[in-house]
Each structure stands twice: as C-alpha cells, then as structure tokens.
Amino acid sequence: MNEWAKGPDGRRRAVRVRGPRGGEVSFLLDGRALLVCGVLVALTLATAAVSLSTGEFRIPLPEVVRTLTGGGTSADHFVIDTLRLPRLLTAVLVGAALGAGGAVFQSLSRNPLGSPDVVGFDTGAATGALLVILVAHGSRAEIAAGAAVGGVGTALAVYLLAMRRGVQGARLVLIGIAIAAMLGSVNSYLLSRADVSDAQTAYLWLIGSLNSSDWPGVTAIGVTLAVLLPAAVRLGRGLNALEMGDDLACALGVRPERVRFAAVVAGVGLTAVATSCAGPIAFIALSAPQIARRLTGVPGPNVLPAALTGALLLSACDWIAQQGFTGTQLPVGVLTSVVGGGYLAWLLAREWRGGRG
Amino acid sequence: MSATLLSRPDAASLRTDAEFRRITAELTRRGFLGGLATSAALVGLAGCGTSTGHGGAPASGGPWSFTDDRGTRVDLPARPKRVAFLTDSVTAALWAAGVRPVAAFDSGQGIVPAVGLNLAADKSVIQIGNKDNELDTEALVSARPDLLIDAIQADGTLQTLSGNPKIKDLAPVVGIDMYQPVEHIVGQADRLTTALGATPADAAAHRAYQAAQAKLRAAVAANPGLRVGFVFDLGPNGIGVMNPATWAVLKTVKALGMKLVPVAGGKDNTYSQAVSWENVTGIPADLMVWAVSDPLPTEPVWKRVPAVAAGQLWKPDIRSWYAYSWANFATLLEGLAEHVASAKPGVGPKGSVA
C-alpha cells in the first residue's frame, strides 16, 4: 500500500512505498521536478532522433526506425550502427555521468563551482592520459585506462591526505587544489617536451571529443551509470543534509563520514568512466547541475535532473559541433563551454534581475 | 593552445617527422608547397627494374580477386564497379592510370587537381575529404563504394584506415605501397587498373620511361663523383633533405647509381632531415634538386649554397612530382639526366649534413 501526503507548499508530496517484504521506502516527489525530468527526457529523445537522421548521409526518420528494428539497407546499418548510434549513446551517457558526478561534487564541496577537480580528478586523469599518449605511445584503450587510473588514483591520494579523524570538506578542497596544481605543472612539462604530433593528439584528448566513440565505450559507461547513478540519487538526501553542516546532518540521522566517502566514490567513478570515454569535456559537470537546480527549483544536489540535463546538453552540443559548421567538425568540448556557459549566464542574469541571486 | 604548440623556433627541435608534416602542411596553407603534408604525397619518379604484376583478374564476370602490396588478398563475388580513392597519392596514381572512382579524397594541396581531377566541378566524384583534412566518413558511405583504395605508409600501415578503422566494415581495402621505387608504384597502379577492367591510360609512355631511365643511368655513370641533394622548403626554419631510404623517387634514382646526400638514420628522419638556414651551405651536394615545393627560397643564404652559386640547381615543374604516371616520371628522369650530365662534381662542401 502506498501513502501520499501533500507538502506544506502544496507542490511536493511525501511518498511512502511499501516493498514486497514489508520494508518501507519514503521520499519526496516534486511535481515541477518530475515535469522538468519528463521534458528533459523528451528533448533528449528529440535530439537523438535528429542526430540519427541528419548528416552528410541522409536517412529519413522512418528509415532510422526501420534500421534500428533490423530492416534498412546495409549502408543505413553502417551509418546508424557503426557511426551515429555509438556516438549518440556515448554523448547521452557521458553527459549524464558528468552531470550526475558534477551534482555530487558541487553538493559535497558546498560550492557551485565545485567539480571533480576539487579532489584533483581532472588534472590527475589528464596526467594519466598524457603519460600514456606522450611517454608510452599507447592505444586508445590504454589512454582511456591511463585517464581512469590517473583520475581515481589522484582522487584517492587527495582523500587519504585530507584524512585526519575524518575528512573535512574544506581540507579536502585545499589539498585537492594543491595536488591539482602540482599535477598541472607535470602536465605542462609533459606537453612542452612532447613531439608535435603527440602533442596534437594530447590536446585533442584534453579538449574532449566524441569522434572515436565505439560500442565497448558505450558498454563501459552504460554499466557504470547503471550501478552508480541509482547510488548517487540515493545519496542525494544525505548530501542535502550535509549542505547544512555536519552537526545538523548528524542530528538528522545522517552519518557525514560515510555519506561523504560514498559520494566521492560515486562522483569519481562516474566522472572517471566518462572522462576515459570522451576526454575531459568542459563545463558539463559545472553547468548541468546548476541548470538543473534552477529548472526544478528544488534544493539539494538534484542528481537525476542534473544527469538528464547533462545528457541533453552533451548530445545537443555534439550534434551542433558535427552539423553546425559546414565542412568542418569541432571537438564537442569547444561547444559545451559555449552553449552550457551561455545558458548558465543567461539563467544567472535572469535571477539577478529578478532579485533572487 | 595551438599557439604554444606551434612556437618552437629552435632548429634542434625541428627534426621530427611530425614537425616535417606540420610544417609542410602549414606551408601548403600559405600556398607555397603543393603537397607533402600527407606523408605519402611525394612519392615518386621513375626507376628501374621490372614491374611485379602477379595475377590481375578475369576480364569480366565471375569472382574477382586482387593481392595488394601488403600481401592481403581481396576476394569479391564480382569485379568492383564503385571504387573510392582514400588519399591524394592514391588518386594521383590511379586517376593518372585511368581508373574512374565514385569518391576521392582531396586534401586541398593541389595534388588532385594537378592530375586533372577537379572535385569541385566534377559532380560524378564525391569529395570525401573535409576542410580539416580528415575523412568525411558519411560522404564516403553515400558514394556506396564496393572497393576502397588506401596508401601504405613508410611504416607499413594504411594511411586513412589507421585513423578511421570503422570504414573497414564498409568495403574491402586494397593498399598501394607509396614508398617503393617509382616503377613499382606505377606498375601496381597499372595492374590494379587492368584488374578493375580499365585500360592503363599511359602504358604507351612506359617505353619513354625506360629510355629516360637508361639515359639517367648513363649520365650518372659518366659523372661518378657527383653528389645530388633533393631538398624542399621548410619555411623560415630551413630546408629538408629528403631521406633516400624512404622516398620513391630517391629509391629509383639511387638504384640507377646516383650518389645522394645521406640522411642520418633514426625515427625522426624517416622522411627527411631538417637543416636550419645557418647550416644550409654545409649540405654536401654538388647538384641541388628543389623538390615538391614552390617557389625557390628567398633567403639570401640560399644563394651562397655552393651548388646554387655554381648554377647547379634544378627545379622541375611542381606538377611533375604529383602524377604517378610513366609519362611524368619519364620527363623527370630526362631532366635529371640532363642536369647530371652538365653538373661538375666537387662543387659542394665535403662532410655530412649538419
């Protein structure tokens, strides 16, 4: 039996769901948040339809559907199955992972500019990838592995260094910034000593691109999301409480240490696999949670709306990067900064004008 | 970011293939140099030896097979009718030989127009190179090719396929090794042309080529001490001395007995050794051949290069480096033979390239 209770603002409902074995789960449902999620999903689906059907090789939408369901010509299959679908799915999944990871970190660091880089993640991932590209001359899979190892290793090191009878948010951020700065110099050194073609490969990786999306990458990011996204969504409540400070969170029955550790693991895991698939795509992790928060109007990390915003943002940006400029294709990282940043600036400006910022 | 990348003025750091490719690409953009940027673009001229055709295909009907320079055999149920050229050099070899593709790659360096294919005007051939000099995969799919022809690079890998592995699912791939002696490349182009059911367009020029070859061999034998340097423009940083162990033309003339300026070995010098302007006068060449770039350098020091000062310099028409045809290479070898015959040995400095 499920129970519903209307919240004081008339918008939110507390829902209690009784599980099959007598356990109970209760959560808050927000009408506007639900609507926003629905619209984001619909827009992402629309973007997907447009992405799959447009390009140099035109495939009308009915043909796309026929190809996806097994029909279609062999050329259609090559274009959809080998070129467009893996790229689209990578964009959607990587965008979702970056959005969710960003939401977790912004909440964790209690800073709207927070990103996985507060624990040195991006810089560490870049160091790992650069070492594989420039020193070991590794393959694409090895670069991805190098990025994941570098990012996770750095995040772990920062976490352990910040540990002293528990990890404080501020200490974590400070040590993260220090380690990131050190690794940043290592990265600059590696690039300055590199052969030009290697350096070009490295820069392309550093901008972030979906050009070499493939099915193994889709599987990796898909499995990661399936495991970590629900975990991150569940952590949302604890993170929300943590935003009010450890003492208050404790009083509300949240164990700050455990939540914080689990959040770092989930956030780093999501970002690590996303980064190893597509490179450190700029700005999604920063802008998606902020945009989502403003769209839903709900406090807290908004992990799911942030993931959906990230998915829409990255897939739309990638389509523009591919089709918007005749004769050339931009790396998607160039576009995400412009589109995501522009939209965020507009949102903020609107808030300030409305006196709410 | 790229500004940091590109500002590496020291000559010592110039000696890499990548630098070489970047600089040649940059020069091309500036309109100086027709076409070295893709690594296989230069390739060659004429040579010697016999062409190694082994097994083309039946004239028509029935299954088709072709064994390429990698030893990879392509088997198809019927002779392919829709062929795609994946690089400038492949286009330069096969268009000249008479194969008409459904799609061709033009990186915009002037090589493809130089062999007579204008992709902007000829709408029957789909251009599959985009502005960034990358393969436009979807344009390639839209041409519905049933055979892809790629260039084999100096390291044995396929030039376009190595960066776009997905297209191997589109159609089988035949590779042409662009770092073999010239007669091997043209011979392969002719063999493939025949296998595809076309008539090699300039087979008649084969005899002229052989005559030019004999003429150059005789000229070299009559002037045994002459050292020849094949060099090209590297912009403000200096010039490149082409590696005799890599380039098709150089392999061919070396086999005819020509003494070439040696290039230090090593990965960095696979294609060429960069020589900064202050060291250009030390290149141990009695005859300079200005290759694949246009125009001649304007740096004053160029005039002080001993071979240049002695008037022992030849700049063939830039287009003659591009088309891989018997006729073209016959002209190039003839010109070389004349300049070898008239040049004096011992003009250039002794020693090796600095």
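Cβ coordinates come from backbone N, Cα and C, glycine included.
Small disclaimer: the values here were computed from a predicted structure and weren't measured.
As recorded in TrEMBL, the features of this protein are as follows:
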- A:33-52: transmembrane segment (TRANSMEM)
- A:88-106: transmembrane segment (TRANSMEM)
- A:118-137: transmembrane segment (TRANSMEM)
- A:143-162: transmembrane segment (TRANSMEM)
- A:169-190: transmembrane segment (TRANSMEM)
- A:215-235: transmembrane segment (TRANSMEM)
- A:261-283: transmembrane segment (TRANSMEM)
- A:330-349: transmembrane segment (TRANSMEM)
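Contact check: the transmembrane segment (A:261-283) against the transmembrane segment (A:169-190) gives fewer than three Cβ pairs closer than 8 Å, residues 6 or more apart, which falls short of the contact criterion.
Residues 116, 119-129, 131-133, 136, 168, 171-172, 174-176, 179-180, 183, 205, 217, 261, 264, 268-269, 271-273, 275-277, 279 of the same chain lie 6+ residues outside the transmembrane segment (A:143-162) yet bring a C-beta within less than 8 angstroms of a C-beta in it. Outside the transmembrane segment (A:330-349) by six or more residues, the chain places 91, 204, 207-211, 278-284, 286-288, 290-291, 294, 313-314, 316-318, 320-321, 357 with a CB less than 8 A from a CB of the stretch.
If one looks beyond the transmembrane segment (A:33-52) by at least 6 residues along the same chain, the residues whose Cβ comes under 8 Å of a Cβ in the stretch are 59, 61, 64, 68, 80, 84-85, 87-88, 91-92, 292, 295-298, 302, 304-305, 308-309, 311-312, 315-316, 318-319.
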